[in-house]
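Quick look at what TrEMBL annotates:
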- D:Asp231: active site (ACT_SITE)
- D:9-88: domain 'ACT' (DOMAIN)
Number of protein chains: 4
Amino acid sequence: MSDATPNFTLVTSCADQIGLVAAVSSFIAERGGCLVESANHTDVHQGWFFMRNVVNADAMSCSIEAFREDFDSLAQRYGMQWYLRPGGEKQRVVIMASHASHCLADILYRWQADELQCDIPCVISNHENLRSMVEWHGIPFHHVPVDPDDKPAAFAAVEDILERHGADCVVLARYMQIIPPSLCETYVGRLINIHHSFLPSFIGANPYQKAFDRGVKLIGATCHYVTEDLDQGPIIEQDVVRVTHSSNKDELVRLGRDVESSVLSRGLRYHLEDRVLVRGNKTVVFNA
Amino acid sequence: MSDATPNFTLVTSCADQIGLVAAVSSFIAERGGCLVESANHTDVHQGWFFMRNVVNADAMSCSIEAFREDFDSLAQRYGMQWYLRPGGEKQRVVIMASHASHCLADILYRWQADELQCDIPCVISNHENLRSMVEWHGIPFHHVPVDPDDKPAAFAAVEDILERHGADCVVLARYMQIIPPSLCETYVGRLINIHHSFLPSFIGANPYQKAFDRGVKLIGATCHYVTEDLDQGPIIEQDVVRVTHSSNKDELVRLGRDVESSVLSRGLRYHLEDRVLVRGNKTVVFNA
Amino acid sequence: MSDATPNFTLVTSCADQIGLVAAVSSFIAERGGCLVESANHTDVHQGWFFMRNVVNADAMSCSIEAFREDFDSLAQRYGMQWYLRPGGEKQRVVIMASHASHCLADILYRWQADELQCDIPCVISNHENLRSMVEWHGIPFHHVPVDPDDKPAAFAAVEDILERHGADCVVLARYMQIIPPSLCETYVGRLINIHHSFLPSFIGANPYQKAFDRGVKLIGATCHYVTEDLDQGPIIEQDVVRVTHSSNKDELVRLGRDVESSVLSRGLRYHLEDRVLVRGNKTVVFNA
Amino acid sequence: MSDATPNFTLVTSCADQIGLVAAVSSFIAERGGCLVESANHTDVHQGWFFMRNVVNADAMSCSIEAFREDFDSLAQRYGMQWYLRPGGEKQRVVIMASHASHCLADILYRWQADELQCDIPCVISNHENLRSMVEWHGIPFHHVPVDPDDKPAAFAAVEDILERHGADCVVLARYMQIIPPSLCETYVGRLINIHHSFLPSFIGANPYQKAFDRGVKLIGATCHYVTEDLDQGPIIEQDVVRVTHSSNKDELVRLGRDVESSVLSRGLRYHLEDRVLVRGNKTVVFNA
């Protein structure tokens, strides 16, 4: 993690075969690129290779555009999926919240403190109560109420706002509404949720009540990409906190808020730094 | 946790009402008993009160027998369930194991190192492979194979061994066989299992395979009392360990072994020190 | 942790002797007080007894004033130090910050979310940069620059502000200035600091640089009461986070911010809920 | 972590420069080697590059001997330090213990369970009490008492035993004697100690007493390479466990034993799997 610029991040994946690390790292070295971080992984069961390189381009002999063009040939040869993100580039992250403020507040704080490499073009909520907090951060706030009898209208409005703001990524910061399949589809791999349990425990509504009733000794939270299957998408990050017999349900909720916030912000950071690669229903997270 | 003797532990519980701490602690103080540890809890939802006292009886004005007799009157007045265990008394713990050695080895080591206040009259296993380890500790080893076509015969033999050895407590140290209801009944609240997942995640067989397939970022283990409902009994203790995309199933199993061992030994220690009180399907664990 | 009112918290400590739990709990029960939480501890080495009771006074036969008066007699009999805090009472907490915002932001968020039972009459800082954040929360902000050549003047101003706002408790949220002995004295047991290391590791300035240079695999933070001896006061709470060889110093600082914030907020909550009792240079923390 | 054989591990490090990952991975790919694991790191401050590759040689076009020979030319070109360890090769680890058994028992258990890829040619102790446990594992036990008035004689005997058994690595499993400089020198980077505190806290003797006196809320253990400077060598692994005001010194010692055992065994496993690279007083640990 160097401060040197200009850097760029190159993320690739493809069917496993001999020589992939060599091919990619040689390609970079031949053009004078210097590896700031370089990580790779082979998923033996899926037969799939993943690689992430952060490259310092100070001494590079070609432009990033030329690099891209050439790399595409290499990628075609190996059947690689890939993308390159210039170091200064910020993804546009729209946050959707409901009534609860903790995850949203945590993200906004970290954004303002420059911990999260992104722009936040707006926040969408089905309630009004968080407007002032959002606007104090200089971020537009859109109130889109969700009429239980006409959810499609609400989500059409949401989709419209996302489009207008050019959302690269959508974060459900305890949004508490089920996202329609079409929206899941549009933002596949870019729609991040925080579930307030240690999945797959306590899928669905009211996980803290269920945890209290079951008498577990740890509660947790799960950050995952949203798919059409509720609470079943690829897991990015999880964590837990210890509870005891003396923790009533309100106490679980209070302790849970901290885990939810930190797990979501960590997961979002990994996503924004291009550390998360998805294959099937699993993630590779290069967060060393 | 004092070394002073003679100590005894007094455990009580009853329907919640005003004056319970006062009644019990006054009863002890009036007889010159000195509180070494004293913890209590009220479960508001179940309307139930729990208390555990470790008493130093050095200066006590009456015998433990007289104390017991008098306390019974008090207990009847308040409708208390209670028991008193003299400090030196060791419960007789029979351990049941299968092929895997890690939980058994951990318990035997701690027993030998005087970390676990108990006698281990014997170990029962459906395999022969752990005999030498058990016998080196000076503990009898009973091999009771489980014929899939005649499980009742095996469990009759097990029950007989438990009875002959006067088992106060039975520990399933990765025993891997389903315990018949009658045995669950006989040893209710004294039959301890370690489940190799963070319950209620991955109930049933092959939890590590399921965890690997789901792509979770933490795996865990759960120590619980066994009831007729598989993996549903009151939870005593749980813990987790972090895993990554690079952990294959064998790696999960390896990492899991450490969590299983430590969670089971901790749960067993809490049980042996009379720190665990059960009500409904939940436990109070006075482990401060 | 019940929501029932009116509650009050009674905290006592004295030289250890037989019958203390009985005396206090009987006193409460005789007046119809119902124990919501009750914890006690004896420090054998210091020969000192500590007790904290949260009492539900719904059915109490006397006023809190009468309770206080009567309890004073009991306390004198046993040589007890004690205080009683009515459930609704909020301590006045003045926060002192410097340039870094994370601990302050975390406390303000929790205060606004009603997680911290206190009033915050003002924030004092030697820099201007956090004014807007503080004022958005509706809290007065006092800028008191610290001239290195005339620190006494600055601290006279600080002391004056604390007095005018009737501070019950002062929190150094990464204030980064050494507090003069007289101020330590005035607020002994009420002046809380967060040190950005796992004390006693890396006492003094620049702990993250020291941690980086030493190559530790965990970094931490320590919440403690301030005494005249720098970084030596009674520890309230500590925690750590894992780091690796790939974490440079900036990364340590970033990871450390989260630990600092959560450890300070937890320590402050314990203090505000009267869970922390100090004796010598050690604390008892009834946080079960 | 694949089970495929034959594998080998190639560990390299050198002054940082462009093209190192490319050079090493191309070298391997050109010979048909398949990367099972590949990790690298650049220490910007020390200007040093580290790389570890686990290579599956099933489809390799040359022998390991030829690979070694060729690689030496490459290594000379880049000024690399390097070594190659064939997959089946087991290092010879001599364990030195004193009176306490927990770390030794844990290592022996893991060794027997095939968790640790090594041979244990013997155990050396200055006490007799662990002989039976060691010999039950089929391992020779050498009793070398340390006469305080003639330590050189004892360590001459130790050195002789180490030599005769061809020790590749020496583990101080709570050995509790200061190792003479000459022995530190001979086994530099191969002499592993467990210190019973979270270094740099509580350097020297009696760390648990010091921790108890200071009132810390976490205790820990540190696995490090031994150098002439007591408790100052490069840290391999650390961990902590939570304690409370109710933990007396004996309780700290008991809780500490678990952390010591697991931290030492983890550190040793990293060492044996060639995951630990030392530079200056710091380690790179490729343990993803």
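Placed from the backbone N, Cα and C atoms, the Cβ positions cover glycine too.
The local packing around the residue listed as 'active site', expressed as other Cβ atoms within 10 Å of its Cβ over all shown chains, amounts to 17.
The predicted model assigns the domain 'ACT' (D:9-88) a mean pLDDT of 96.
DSSP assigns the residue listed as 'active site' to coil in the three-state reduction, outside any helix or strand. Helix, strand and coil counts from DSSP across the domain 'ACT' (D:9-88) read 26 helix, 32 strand, 22 coil.
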